[in-house]
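Following: one structure in structure tokens, then a few remarks.
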Amino acid sequence: MGTALVQHGGCCLLCLSLLLLGCWAELGSGLEFPGAEGQWTRFPKWNACCESEMSFQLKTRSARGLVLYFDDEGFCDFLELILTRGGRLQLSFSIFCAEPATLLADTPVNDGAWHSVRIRRQFRNTTLYIDRAEAKWVEVKSKRRDMTVFSGLFVGGLPPELRAAALKLTLASVREREPFKGWIRDVRVNSSQALPVDGSEVKLDEEPPNSGGGSPCEAGDEGDGGVCLNGGVCSVVDDQAVCDCSRTGFRGKDCSQEDNNVEGLAHLMMGDQGKSKEDNNVEGLAHLMMGDQGKEEYIATFKGSEYFCYDLSQNPIQSSSDEITLSFKTLQRNGLMLHTGKSADYVNLALKNGAVSLVINLGSGAFEALVEPVNGKFNDNAWHDVKVTRNLRQHSGIGHAMVNKLHCSVTISVDGILTTTGYTQEDYTMLGSDDFFYVGGSPSTADLPGSPVSNNFMGCLKEVVYKNNDVRLELSRLAKQGDPKMKIHGVVAFKCENVATLDPITFETPESFISLPKWNAKKTGSISFDFRTTEPNGLILFSHGKPRHQKDAKHPQMIKVDFFAIEMLDGHLYLLLDMGSGTIKIKALQKKVNDGEWYHVDFQRDGRSGTISVNTLRTPYTAPGESEILDLDDELYLGGLPENKAGLVFPTEVWTALLNYGYVGCIRDLFIDGQSKDIRQMAEIQSTAGVKPSCSRETAKPCLSNPCKNNGMCRDGWNRYVCDCSGTGYLGRSCEREATVLSYDGSMFMKIQLPVVMHTEAEDVSLRFRSQRAYGILMATTSRDSADTLRLELDAGRVKLTVNLDCIRINCNSSKGPETLFAGYNLNDNEWHTVRVVRRGKSLKLTVDDQQAMTGQMAGDHTRLEFHNIETGIITERRYLSSVPSNFIGHLQSLTFNGMAYIDLCKNGDIDYCELNARFGFRNIIADPVTFKTKSSYVALATLQAYTSMHLFFQFKTTSLDGLILYNSGDGNDFIVVELVKGYLHYVFDLGNGANLIKGSSNKPLNDNQWHNVMISRDTSNLHTVKIDTKITTQITAGARNLDLKSDLYIGGVAKETYKSLPKLVHAKEGFQGCLASVDLNGRLPDLISDALFCNGQIERGCEGPSTTCQEDSCSNQGVCLQQWDGFSCDCSMTSFSGPLCNDPGTTYIFSKGGGQITHKWPPNDRPSTRADRLAIGFSTVQKEAVLVRVDSSSGLGDYLELHIHQGKIGVKFNVGTDDIAIEESNAIINDGKYHVVRFTRSGGNATLQVDSWPVIERYPAGNNDNERLAIARQRIPYRLGRVVDEWLLDKGRQLTIFNSQATIIIGGKEQGQPFQGQLSGLYYNGLKVLNMAAENDANIAIVGNVRLVGEVPSSMTTESTATAMQSEMSTSIMETTTTLATSTARRGKPPTKEPISQTTDDILVASAECPSDDEDIDPCEPSSGGLANPTRVGGREPYPGSAEVIRESSSTTGMVVGIVAAAALCILILLYAMYKYRNRDEGSYHVDESRNYISNSAQSNGAVVKEKQPSSAKSANKNKKNKDKEYYV
């Protein structure tokens, strides 16, 4: 079989018991290291961290080898002492992963003499002393000075399993070191003698007799193979070389004589039983010859329940030297082969995990040895021979008065491989037994003293013989011959038959399991099995007893059960046991056991005490309380639990049962009370799904094929893949099935009412949610009888986990109170987020999405969570709640609690204890909508609590441009306002150091009769956030951090008289008209009607919206329908018609023969400059040549626009600073006397022209378009300098875009020499209806020649409709961002009914390259854009030409421009100054100190550059009044 390894365990190796310390010292024994592969010895850990030393004596002739080694098990720190470089000692060590420090001794020590070696550790320094002649030290350059030590102190070599596990060795090169060859003795740590713990291939021997230091086995000429030839194995017995030739085919002292008749050991008889033990001529096994080749062999077959029992009571054994021989053949890994003795006087020989185990106790403690083959196992269905000898020896002590001591050497041999394993205690040399000799098994193998296994042998045993100086017991022969003292239990065949193997099975899924009969183990019992898996969790065995009620004086009845379980959690194996007086939970092994290797588990119990062992490591336990009876009444479940668990009671301590963790992996060799269980056959009988009758491990990793769909996370399991679908929104083995979504509107819930009350100590919870609210309950467990809860909720945009385990129903001291954890930020972003909670006892872990997990440890007296319900959306069980969390508005998905996907189980009807009114499917949530029917309607609520932070959320829907949505005032100047201004949302506030305005970001006005979501928040660091639908605006304010509000909170508006006293940054002059819903005030969900302190106006529940809506034909003649809350209106601007539906004739003038003219002149201080123009007019004529309308700029500028008829076709010419640009409809003849409508728009150099319903004619200048040229120009020079910039661009040859300083509109063409003759109607130009103004005798209109008004001026209703349309047109037309002049502030006071047209004109906005800068800016603008606006793109859409953009100009403009053109240098200076002054201005929000005169400074806050000399700020108010009429280019 090759070289064998001998491992030693228990508390005794080479006299290893602490009781033997004197034995080893008195004997003067050392450790002999033969230098064999696999040789090692381990001493207890030397804590060499700081100041410590160890010493030993060494004797060798070897030039290299590993002397000692220890480390921190694979991290940083280690210390190594080796022989190298001609037999010199070299020491290396490292601390904290520093560069290893090394020193090399000067003196060789491989001279065959004893040398004293001492190692002294002193923080970063280590000193090596050799004898008294040499001392060298070395220091490591480490940031840390203390060395960390985890491993034992290995001397002479390293265990093979440690060499194979490279990650467990800090110094990888130590694996390649040769083993030490020589002797080591007197190992001391800090002057105290150290005893070895275990080892292999190392012999305990006295000082070698030959002064040369060589072993007797090394004799012979140089170059020989030693004393033993032909592969014989040499060992030292009584200082003599003994050769074992049994496996060589040779015999003789040195295995030199060929002998083909040599056979195995079991059938050989002793040639001379009386031969003296003192005979120095004792040889090895090779001298044993067959006495009779035809002798009958005595063989028996054992199948797990059979055994022999020889009664020793008549003739007790009392021996000091004895021998046991037998042969075995089996496929089973574990089983008892032979046992005799009881209590502390016994011999046990067994097969343990495929190795031969020997345990001997003569009264001084157990001595154990384990023999394993190098390759494979002994359970290979081949014959193997075992021989055990125990000899009494006399040994000489050194340095003590008693020089002669007796001790016993124990030798075990398997297949002729002889190994001296050590000595028993000298004070106990006699084996005494008056009990029984058990062969092949026993009635209760687990209860035998020292038994390492719990099951009987399965296989064949041959020639089992025990002999000592006085007796020879051929046990196999006696059994077959029916000796009266030999009892045979079971049916034994006295021949070798094939024994059916216990085939392994594989549990392929967590749901698979096998039911075993009830385990009757009231007083004693044993279970053993092998398992193999790579999965971290799983319930392997479980059974419980009858439920019983445990009652104390304080609390209601509690259900308790006896139970037994073995489970895996996080790769560790646990034993759980409760016999009615308390639960024990034992970790069977400190290392993880899910590495895919086979592990043998052996559980044995006797009353309250017992052991659980994994492989060779045994852990004892003692159950608490007085009970010794384990009363199991239910079936014993293997691998998992049935799906229907209604009849089962799960103790809280069995976490895998409550977490639904079934075992996935292999099980084999299950023995219960020593009886084998054919689990493969049981699985077939029960037709269990997911159980396979074999065990193999697939080499390919399943996750390499990416089996998890929809971004599921894959983990390799045991021959399977495991998908984590928790963050995907899908379910199923491969995340292939979309998970159900539940929608909650704040009044909806889902409640799982569990059939029985649950008690758990471990939970796995995961869910996905999506919400725009910063507050709301996501999930909670609730109890009807206690305050216990595990609750997840949104709290200020974070996920808050609350776990409360109270003492109401637990006999404990007062509970500590709830534990809380927070994770995530800004989770109310209407995006899906995944939450995971893992609790294991007192350990908590909370994870949101892929962020770092938050962990915590619970305090308190217990870990049991009680609950009857799992609730979502609303908590209905509120009896023990001190405060009720806010209801949830949003969506939930994939709620999984301990493996149960409750939302989908509820939807599919798989559970019948589900109650809900939440709606399945993803739905838009509009919660509690309320309609404010009029602009004077509002409600008052309790004061908004937003002192340190704030989270507001609401939804609105309106068609109104303006309106106050929310207002709350406070102490001093503190206030908060949310309002709509020109369709855009403003958030205005004052924390005490001045008012601030933040404009919400949106691509278009929000008064589009669609629902919009608004979130406004302020955190403790004064970060303000405004989110409208998906667009976010943020700003940090300095100074005061608290919002101290005092008065009522007004929603929808305020009292009429209050508008006058609102802060200046607030535009609102009326309330909000439309719908509000889902109002969330810092976590409070008010009912706007029932919770109102008082209501005003018409407020109704629900939201029906406008009674009439815009249709395709709502407005005639291409009028534009504008949706209003109480109906709609028509914009008739570009139609030439009037009336509510654009079907009434517009104001019409007839120009008779001889010609006439209507002229409109702008006041000198009010002349507009525009980048875009819109012109529409209706006419009828038969003329081929005529001018209809002409617009001219101020004298000297030359800009113009002319609408004319040429050769019966309509066309337009214009010039805005360079060449004339013309556009014409060449396909339409319009001088046919019929009524035609022409529409013209211009944007820069681009223009469109349409006649009636003919296709629109578009004109774009050749080359780069104006917009591109404008963008290039504005990259370098902004348009703030107006005409100055135009002149600069003209010099550079670039196309201009501004129609400067418009002075007159001439209608009729008389001055141009081409008078128009015919009818003109409904003229519209950039917001002016000039013919209407002429009919109303406007002061700026002059009429000359043959011009006659037809009919009457449109009625007042028509005028109002027109005004409404004009106002709406100005607010909805697509234009550049603009800024209002300071002059509009003065004009705002004009009565609106007196001059409606003028008012509309005054509302025309000044074109600007930047966002607004004062509190009156009411135009759409991207806040915080930080750059120049694109003149042709607003809100991401390409506009059509024609938005009116107006710049006012004074009468002195012309002269000033001429002067500036002449002084180019002065222009450059002004340009640089303007760019420097305004380039870094914040455009997204505005702060105003209201203590100052804002109106007087508003012009300069526009960022305007004045074409005239600016008046000093120190001038009088009269000068300020005058300066308001200056022209500004913005």
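Using the three backbone atoms N, Cα and C, a Cβ is placed for every residue, glycine included.
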Legend entry - Among Asp1192, Asp1199 - the residue Swiss-Prot places in the same Ca(2+) 3 site as Val1216, Ile1298, Asn1300: Asp1199
Legend entry - Of 273-306, 1497-1530, the range Swiss-Prot labels region 'Disordered': 1497-1530
Legend entry - Annotated companion of Asp788, Leu805 at the Ca(2+) 2 site, Swiss-Prot, chosen from Arg720, Arg733, Arg864: Arg864
Inset, instruction - Taking Cys708 as one end of a disulfide recorded in Swiss-Prot, give the other end from among Cys666, Cys723, Cys725. - result: Cys723
Legend entry - Highest-contact recorded stretch vs the domain 'Laminin G-like 1' (31-217), from 299-496, 741-914, 1149-1347, CB pairs under 8 Å: 299-496
